[in-house]
Protein chains: 2
Amino acid sequence: MSKIMPLSGFPEWLPSQRLIEQEIIGRVQRTFELYGFAPLETRAVEPLDQLLRKGETSKEVYVLRRLQADDGESGSADTGQRDELGLHFDLTVPFARFVLENAGKLQFPFRRYQIQKVWRGERPQEGRYREFYQADIDIVDRDSLPAHYEAEIPLVIGDALGGLPIPPVTIQVNNRKVLEGFYRGLGIEGTEDVLRQVDKLDKIGPAKVAELLTGQGLSAAQAERVLALAEITAPDSGFADRVTRLGVSDPLLDEGLEELVRVVDTAVAEKPGLVVADLRIARGLDYYTGTVYETLLRGYERFGSISSGGRYDNLATAGRDVFPGVGISIGITRLLGILFGRDALTASRSVPTCVLVAVNSEEERPRSVAAAAALRRNGIPAEVAPSAAKFGKQIRYAERRGIPFVWFPGERDSVKDIRSGEQVDADAATWTPPEEDLRPVVSAAV
Amino acid sequence: MSKIMPLSGFPEWLPSQRLIEQEIIGRVQRTFELYGFAPLETRAVEPLDQLLRKGETSKEVYVLRRLQADDGESGSADTGQRDELGLHFDLTVPFARFVLENAGKLQFPFRRYQIQKVWRGERPQEGRYREFYQADIDIVDRDSLPAHYEAEIPLVIGDALGGLPIPPVTIQVNNRKVLEGFYRGLGIEGTEDVLRQVDKLDKIGPAKVAELLTGQGLSAAQAERVLALAEITAPDSGFADRVTRLGVSDPLLDEGLEELVRVVDTAVAEKPGLVVADLRIARGLDYYTGTVYETLLRGYERFGSISSGGRYDNLATAGRDVFPGVGISIGITRLLGILFGRDALTASRSVPTCVLVAVNSEEERPRSVAAAAALRRNGIPAEVAPSAAKFGKQIRYAERRGIPFVWFPGERDSVKDIRSGEQVDADAATWTPPEEDLRPVVSAAV
């Protein structure tokens, strides 16, 4: 028998932390709904060959088999790997599949959010898990997707994360057309190889990246300008002039610059300080074709992006059906793992209970049960004491869990605020606690 | 490449159905919190040998492997099956493991709820899935657990399911001590074999069960009384006299009757009509040792129980640490699958959006974005039209999704209720919709 112990990479929170996680997810969800995104969940599994369409991620996938898959049904051994199932490693690939599968039943443009766990067999480290929550929004349309949706995404994320008791965030934006157009304008072929090297800037610095680029066949002048572009960053549309001054010209570059200016201008108008154009952001070799996003948490920049995404034109495509989209994902577990690791979030109590109803004697328990029922009818979370112990012990039950009130059934009932010690007569049918005591309050730890 | 198609047993809802599922889960969760249950989630995976402790379920488990588990870390091939992981098939086994693992950090008695997906490799059929949601509550204590908690569970489920737009439910209760004590008092050995046959009553009827029992070595008189006990059902504690009149006496039987009377009496006092004592309910060969519960949905009895559970004394046990518990699980996906299959639930719209903000021209889009932002600041879900098409087309965008209001920015803004056609001047900073239009309303279809 395996020892009972934690599994590395599969985090489990204690109830007080789960309470915080639920509050965070609930607030993010309410923001997504304020923007009109409809809820969606997809199954946890996808056919393995669908998951492996992007060869880069193959090593991360968990493959499933039924312990006794021997009953001749489809999906068993003889049909081979084609029908094997794997756990999804993100929510974008399943969403693209869902759109293709249900296109006839959906209204386009289709705005959906999706908050689910995903699994990756990566080596665990701080902020990197094998099982974790992602909270995604995407907007897809049939045939073509207006660029204004690329400007909307940062506003949603700004509201969603800005409404949480966490440090402020900065959303870094770039546009793949700017990078590809600029490289093309420089006469560089194989923009993907260049992107791959530029992605290493944070890790190895510009000198090493320049070496790699020239090693790849770029001239020193080309490499220098690739790096000059990557150095450009601005909190407003001023970045565009700086790009132009680098003297490269290409129609795709112009198109990308125009789109990126729109994203930045919209953010400056609606949420000043939220967005920064950063022309180094590339999002690796992912499926993005337009705007790309990464999000840093102030004071925790070294942990990397907590919310990333971009525009994709070719992900949900089957024959002549094309559904371009734009989306972004918040790494909920990553965010919480980082903040929990520093005790940066706190809940005012570890249970939902607002009132513990004391029990005078086991014979009188039905009376306490009835008082608790009356409180619940008014929306007040209440539980009944586990035993008719001395009141001191019953009060300690509440104290240890942070329950603020203890109710005493009597000739006249009374309720005690165990923080102040104040006790008053009360009627369970009409009493209400102060609004701020009704539910646990989640806040940044001071 | 595998064809894009549904996977049997892995249901996926359209957004309007997911919206209903979310509302149902949210209401169940709020009821659990009203009773002071704390939130918990456990990882989706458990070590395979933990999952197989109950040999009966081994055939249902999905086993995981990493597609490229070749990097020498623990959990790879050479450490063998001991470290293999499987997807959990219920929430009770993981919860018992969590309690043992974290006993030092939890407050006992510990009340928790847990709403998660579980996976079983069973052959799919209506109401039976390979991936489905369960909503569980459990109360565990250290060393011993007072019997009054067994009487509390049906009240919680009565409130949780009674608050949903679904047909009324009946909770059938029995007590394993009644069955085992009665059989023992009859001089029968091997009560599990008897339970297994009694469990078949619904399927094959009493005559066949009597045959099986005598075939197993029971006398005709013993079999007759086993069946007489199974026939007893009552909406109140009257069942106890009927059991006593069968003339069997045993201390365990008496203990079980006393506990069952308490469960029924509590329900009669608090929620008349909710609970029925039914002495046929056995819950198979599960780990239950006291009260057991099954729940039928009126008009859908043939689909079997939608919420089952019971008391268990030996599930969370490690050496001298014993954590007896009582719990119950609502089969959320099963319930929804049955009701969706009959179009028995409906949502007033398919998106959260309350107001679509029209766009006069693409140049004026920022004005519409600002109006939508103002509405959201007051908690009103709003989205901006996808294009500056003719207003008729923009209104149809709202109509097709059931969005009730369209907002028109102008010299003075105005808002149109597209159901009535009424249009009035309005200020986005102060306008509010009727309360019932703010969010989609989920109700029973008429």
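We count from 1, first residue shown onward.
Cβ coordinates come from backbone N, Cα and C, glycine included.
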Per TrEMBL, B:Asp90, B:Leu91, B:Thr92, B:Gln134, B:Asp138, B:Arg283, B:Tyr287, B:Tyr288 bind L-histidine; matching candidate in B:Arg120, B:Arg123, B:Arg128, B:Arg298: B:Arg120
B:12-40, B:215-243, B:244-272, B:418-446 - the one TrEMBL records as region 'Disordered': B:418-446
Distant-in-sequence Cβ neighbours of B:Thr92 (L-histidine binding site), under 8 Å, six or more positions away: B:Asp136, B:Asp138, B:Tyr312, B:Leu315, B:Gly327, B:Ser329
Overall pLDDT of the domain 'Aminoacyl-transfer RNA synthetases class-II family profile' (B:109-352), taken as the mean: 94
List of residues, in chain order, with Cβ under 8 A from that of B:Asp90 (L-histidine binding site) and at least 6 apart: B:Val118, B:Gln134, B:Ser329
Conformational class of B:Tyr288 (L-histidine binding site) under the three-state DSSP mapping: coil
Residue distribution over DSSP helix, strand and coil in the region 'Disordered' (B:418-446): 4 helix, 6 strand, 19 coil
Span of the L-histidine site, taken as the largest CA to CA distance across B:Asp90, B:Leu91, B:Thr92, B:Arg120, B:Gln134, B:Asp138, B:Arg283, B:Tyr287, B:Tyr288 (Å, rounded to a whole number): 21
Listed in sequence order, residues with CB under 8 A of B:Arg283 (L-histidine binding site) and six or more positions away: B:Arg176, B:Val292, B:Glu294, B:Ser308, B:Gly310
Long-range Cβ environment of B:Tyr288 (L-histidine binding site), under 8 Å and at least 6 residues apart: B:Arg176, B:Gly310, B:Arg311, B:Tyr312
